[in-house]
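Per Swiss-Prot, the features are as follows:
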type	residues	note
SIGNAL	1-23	signal peptide
CARBOHYD	Asn68	N-linked glycosylation site
CARBOHYD	Asn239	N-linked glycosylation site
DISULFID	Cys450-Cys453	disulfide bond
DISULFID	Cys463-Cys481	disulfide bond
CARBOHYD	Asn473	N-linked glycosylation site
CARBOHYD	Asn505	N-linked glycosylation site
CARBOHYD	Asn578	N-linked glycosylation site
CARBOHYD	Asn631	N-linked glycosylation site
ACT_SITE	Ser639	active site, charge relay system
DISULFID	Cys659-Cys770	disulfide bond
CARBOHYD	Asn689	N-linked glycosylation site
CARBOHYD	Asn694	N-linked glycosylation site
ACT_SITE	Asp718	active site, charge relay system
ACT_SITE	His750	active site, charge relay system
Amino acid sequence: MEVLVQLALLLVVHGSLVVLVAGKSVPRVIDQDLERYEPLEEEDHRGARVPFNLEETYDQSFRANSFNGTWKTDREILYSDNYVGDIRLFDVTTGSGTVLLDSSVTADFDKASVMFSFDNSHVAIGHDYVNGFRYSIHQKCTVYNIKSRTFTDIANGDRIPLFKWSPTRNALIYVHKNDIYYQVFFEGGSDTRRITNTGVPDIVFNGIPDWVYEEEVLGSPVAFWISPDGRHLAFATFNDTNVRDIVISKYGSPGNSRDQYPNEIRIKYPKAGTTNPFVSLSVIDLHDPSSKLIDLPPPVDVVGADNVLYTANWRRDGEIVATWTNRVQNKAQLVLYDTKGNANNIYYEEETEGWLRIQPPLYHDRYVIVAKLQDSGTKAGRFLHATRLEYRNGALVDETDLTPGTCEVISLLLVDHARARLYYLGTELGKPSHKNLYSVQLSGNEPPVCLSCDVLTPEGNRCTYAYAYFSTNGSHYALYCAGPDPVFIAIVNANHRQISIWEENRSLRRKLAARTQPIVKNFNVNANGYTNKVKLYLPPDFDETKKYPLLITVYAGPNTIRITEEATYGFESYIVTNRSVIYGRIDGRGSAYKGSKMLFEIYRRLGTVEIEDQIIITRTLQEKYSWIDSNRTGIWGWSYGGFSAAMVLATDAESVFKCGISVAPVTSWIYYDSLYTERFMGLPTPEDNQSGYNDTDVSRRVEGMRGKKYMLIHGTADDNVHYQQTMMLNKALVNSDIMFQQQTYTDEAHALGNVFPHLYHTTDRFWANCLGYSH
């Protein structure tokens, strides 16, 4: 649900070669040895710092280079030389590199990516891609035999949504027209085996998710899982036959006769309370050409027939573990299957106060590690912890909390089997905005150790927002520090000693040195029985004797946060330094990482408590700080944030906010997808929570928006939050004769990635009018 405006990433990929290993992809690399030759950028006005301008906050001027390699082995990283285009293999222990693939091989392919087979003898080249849904692309695939220098087109040269190499063979598993194929390469040719024959484009999906599973459950375009030995393939099938369509009109190019009639795009999209996809799980022996599909049935006696497949992965060769939930996702059953279809229900979990937050489990010998809410011993309630269970006599027993206290596990990353250690991302004590890399012994005898907390950025500040990319077995990792300063990446060994610098983003740092920066202040504000986090960006020349307009950016979706330590240089940098507007973020009830009590306040009542907090906390700031101009206070948000902005204006009886913008907003939860909405709201039926849906429908509350300046912005081709949402609010406002502005972007999707100049110039004019600065 959360909007991920991926324009920057897309532009990088469009102009670059991408390296992939085992389905992972990263942008093209700038050769570390060559970065020193980048010319120094001249500072503006003979060294004087200048404000950010609007255009450079959306045109990638201040985009950081990311980790632009992919681990191939436990000590080697694949990357693309940015200057000559060769694919190189870099040994982090010796500092030496070798060329694996000459740039001439991919020179004739458009928008190329490469994925190497297990022994580097074959290369799958993805090219000529078009975007699918949020995470998926459809591309042509050509396999190059390095020894014979021959090319083989996959799927007759058609675009395909997914391909992966076997981990142990020169064999490619791919999906074509929603069926799975297995193609084995050998000297002189290849053999192809069709694994499924039930696929129907846009209706029955084998090995890839449909729209709702890609967006809301898997967060990935991948729905097949290869066993570690490469012998077996488990995969999901999504049957959308009974799922209703959303119809999107694509209008095409102005004046083009081919677009005399709009083109209709139909997408299977289950809305709240409607029929969901029917999902099944299967496994097959890839090495035995005569093998048949084996069904891995869901535990319908526990989660019901209308269930959700949340996770699936291999515990070890021959054993796959799947997590199934009921439709509203508050009951979950872990099932252990063997490759003959035998099933064993090994662990059950139920959440009575809210919804389940499920992550794929990790494994070590007899241990299974899951993320589970555990009591913190404080009034904040339970926190998501790494929890170790032992598989014994067909069940998971002996639960051990590996990360006790009031810190939250954000993501389980990897188990280092040689050292019996778990790596994970988590918050810091009392600091939910911090994201650190931790490790903890699986024995449970030692407290977690923060591995990123003592790492210093080039500016000398402690790293407070980290991620890690691990090598095959976890003996090395790339530590990615994204805050509080620009991205800095170091290569670290298993003893947690930094052995090299991968990326310092020196060019970005030089450019930032020529810009004035906001003054950042963090506050705790007590409201509605909780301590709420507030972050304000103040103008560089801030004077507390003056009054400044305030603009709040809001998301406020369940289990999300807006206040983090990540360094960003977006719209806030412009409006604060160039327009002297205070920019604010508020994390109230329903936000993440502060305990289950605060989190589950939002359960079954979206659009209530999180909206109240935005209003009351902003009013508190206005009353406490004389330098905030209460007559020039606005709010804006995108996606769920657009919903929040609209609901704030509709329910703000005291007119704390004078104006607002909603970009691609939900306006009624009956129009949004089932798997997201029902997780937090239940079903829109009289027997369940129909009244909750009605209470949170913005179109039923438009009278509260009268007299306030409001702008609606939406793209007509939004496959996530449909244009219908905005049109229904439009109709309610018009029927009530309430004035508002609307900007429609023809054929634009949820991210509005093709119209940023017009979008931000439009919003800038709106804010100039509302907040009182000259445009």
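The chain as shown is numbered from 1 upward.
Placement of Cβ uses the backbone N, Cα and C atoms for every residue, glycine included.
Source: prediction; values computed, not measured.
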### Summary
Cβ proximity for Cys481 (disulfide bond), under 8 A, sequence spacing 6+, ordered by residue number, returns Ser452, Val455, Thr457, Cys463, Tyr465, Ala466, Val487, Phe488, Ile489, Ala490
### Query
Out of these disulfide-bonded residues, Cys450, Cys453, Cys463, Cys659, Cys770, which one has the fewest other C-beta atoms within 10 Å of its own C-beta?
Cys453
### Query
How many whole Å apart are the CA atoms of Cys770 (disulfide bond) and Asn694 (N-linked glycosylation site)?
31
### Summary
Closest by Cα to Asn239 (N-linked glycosylation site), out of the active-site residues Ser639, Asp718, His750, is Asp718
#### Entry: Spatial separation of Ser639 (active site, charge relay system) from Cys659 (disulfide bond) - C-alpha basis, Å
18
### Task
Work out the three-state DSSP category of Asn578 (N-linked glycosylation site).
coil
#### Entry: Cα-to-Cα gap, Asn578 (N-linked glycosylation site) vs Asn473 (N-linked glycosylation site), nearest whole Å
48
### Query
For Asn694 (N-linked glycosylation site), which of the active-site residues Ser639, Asp718, His750 has the nearest Cα in space?
Ser639
### Query
When a 10 Å sphere is centred on the Cβ of His750 (active site, charge relay system), how many other Cβ atoms does it contain?
21
### Message
What whole-number Å value do you get for the CA-CA distance of His750 (active site, charge relay system) and Asp718 (active site, charge relay system)?
### Response
5
### Message
Can you give me the Cα-Cα distance between Ser639 (active site, charge relay system) and Asp718 (active site, charge relay system) in Å, rounded to a whole number?
### Response
11
### Task
Fill in the CA-CA distance, Asn631 (N-linked glycosylation site) to Asn473 (N-linked glycosylation site), as an integer in Å.
58
### Message
Among all protein chains shown, how many Cβ atoms are found within 10 Å of the Cβ of Asn631 (N-linked glycosylation site), not counting that one?
### Response
11
#### Entry: Neighbour count (Cβ, 10 Å) for Ser639 (active site, charge relay system)
24
### Summary
Same-chain residues at least 6 apart in sequence with Cβ under 8 Å of the Cβ of Asn689 (N-linked glycosylation site), in sequence order, are Arg604, Met681, Gly682, Leu683
## Note on the structure
By a three-class reduction of DSSP, Cys770 (disulfide bond) is assigned helix
